[in-house]
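Asks: The structure follows.
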């Protein structure tokens, strides 16, 4: 018991260490120092909605435009995410207040929206779109204040503050549409320590906005583009009537506040999650459950195996052994190559490729090198790593193909390099056509698609061939027993040895260990949240690997005891059983958490979910297969066979 306590204490220590790495970030860019009056550029990223899942670029709506529109050069991850970073006409200077200023360059002439534009804005407001801006690479946030469920007396004193990414484009009231046409920017700066003779330098550490809807008549503008805001109580909001032309003014104000927040921890505001407690609870819960089950499983398997091996190796009771049933009986068939060895080795090669990529990405992200401040870095890294991990995928696939008595290595290498990536590319291309049809910025541009194809055929394919060549030339895995000429007949199997029952049983433990983490990952993908708890994710990944391996070993042991030696494909399918539960969870999440109603957003959700489930099945199936293969080789090497 004291040993268990010691283990738990060690685990908690490890968790605390991982948690501390969560809060530390190697920022994506070097800090920019501003002097007073220096311009602070405000750029627009995109418009997003969790109801449609279709991002649009900022100028897809009739906002005020600067004299010259320039788009920022973007990395692969940003393009795939649908970010289109562009300049805006907001004039903001460091530590200079602005009471109220008209945005478009003609102060007394309001902006006139045509019927088409009014319709479009009304539609985007109905679809619950948010606008995302950045200042000095910090995304804009809207402050939400609410009273927590504390005692009545404390309520008056303390409010809970949470932040929402971006700001709402507008709101609906009694089936009328209102546009947020006045933005009050609140920027926080940190004054840097400098020597007395030098001028003060400032750094931007937070960017908030309070969006307001103010009717044209209430905004009094003068010749110098200045305007006066009405009293908060007496103003009416700016309505957008989709059936006719609308006139309005776009205005903004700037307020600066000094802050104690250091530049290095300026992202903490955006990453504050109220659910860290849930994380701790769930991680400790799954760690304890998995270790407990692992211990029990290992003890049972080891004790049973020792008994089996001792019985099989008693030389004086050979007559009794002949009548034995169990896994020793199938020793002449257990390493008989399965059907379609090329496809099996190709899928396992892709599984190894995914495993290496995910392990490295999570580990690097855990060290804080892929923080949300470097936009798109995570996706770019994942894409390139998957390409380069083709060497390992090819090597393992080639060696296994040789072990399974395969001869056509060139065809095998081509199959490994194209089977899984081809399915992914095909699904993405079809979904992309639908997004193109909607004119969304989430559609991958044609040049990017060509670049991805060039990467696939120019980097990934040759590397897979290289790995496959060396894997195929290497000595095949040595199987401890010879395979008989004539296959043994398989007895009739019990109902619970059915493949589907196996998949259902094997998927529960790995899925249970990680499903809370899955909720946060889904929120990050579908609800535009930042995901940053990579320390937790790394631990969950380790737990997943351990639980998949163990379940797979138990399932293959039961199968061999039932004298069914066709374990190759079955282990691969059954170990990936948790992917089936991920699919069910995705459907549950879609119905309960998202309010997606249209066809194309639903299609996107289930298309991308299918890709996630497929990748997850390959990953867990590969982990389980290799664990089971090592186990089978070990146990047959331990018994004496005449």
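All positions are counted from 1 along the displayed chain.
Backbone N, Cα and C atoms are what each Cβ position is placed from, and that goes for glycine too.
Automatic, uncurated: that is what TrEMBL annotation is.
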Asks: Out of 312-331, 572-591, which range is noted as transmembrane segment by TrEMBL?
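Replies: It is 572-591 that TrEMBL describes as transmembrane segment.
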Asks: Establish whether the number of Cβ pairs under 8 Å between the transmembrane segment (346-370) and the transmembrane segment (500-526) reaches at least three, counting only pairs separated by 6 or more residues.
Replies: no
Asks: Going along the chain, which residues at least six beyond the ends of the transmembrane segment (532-560) come within the CB cut-off of under 8 Å?
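Replies: Sequence-remote neighbours of the transmembrane segment (532-560) are 14-15, 18-19, 21-22, 271, 273, 276, 279, 283, 286-287, 290, 293-294, 297-298, 301, 304-305, 326-327, 330, 334, 358-359, 362-363, 365-366, 370-372, 497, 502, 505-506, 509-510, 513-514, 517, 520-521, 567, 570-571, 574-575, 577-578, 620, 623-625, 627-628, 631-632.
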Asks: By a Cβ-Cβ criterion of under 8 Å, what residues six or more beyond either terminus of the transmembrane segment (500-526) are in contact with it?
Replies: 50, 53, 275, 278-279, 282, 286, 289-290, 293, 533, 536-537, 540, 543-544, 547-548, 550-552, 555, 570, 573-582, 585-586, 589, 593-594, 605, 608, 620, 624
Asks: Would the transmembrane segment (413-437) and the transmembrane segment (572-591) count as touching if the test is at least 3 Cβ pairs under 8 Å, pairs 6 or more apart?
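Replies: Counting Cβ pairs under 8 Å, fewer than 3, so no.
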Asks: State the non-local partners of the transmembrane segment (603-632) in its own chain: residues 6+ outside its ends, Cβ under 8 Å from one of its Cβ atoms.
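Replies: Cβ under 8 Å, 6 or more out: 53-54, 334-335, 347-348, 350-352, 354-355, 358, 420, 423-424, 427-428, 430-431, 434-435, 477, 506, 510, 525-526, 544-545, 548-553, 555-557, 560, 567-568, 571-580, 582-583, 586, 590, 594, 596.
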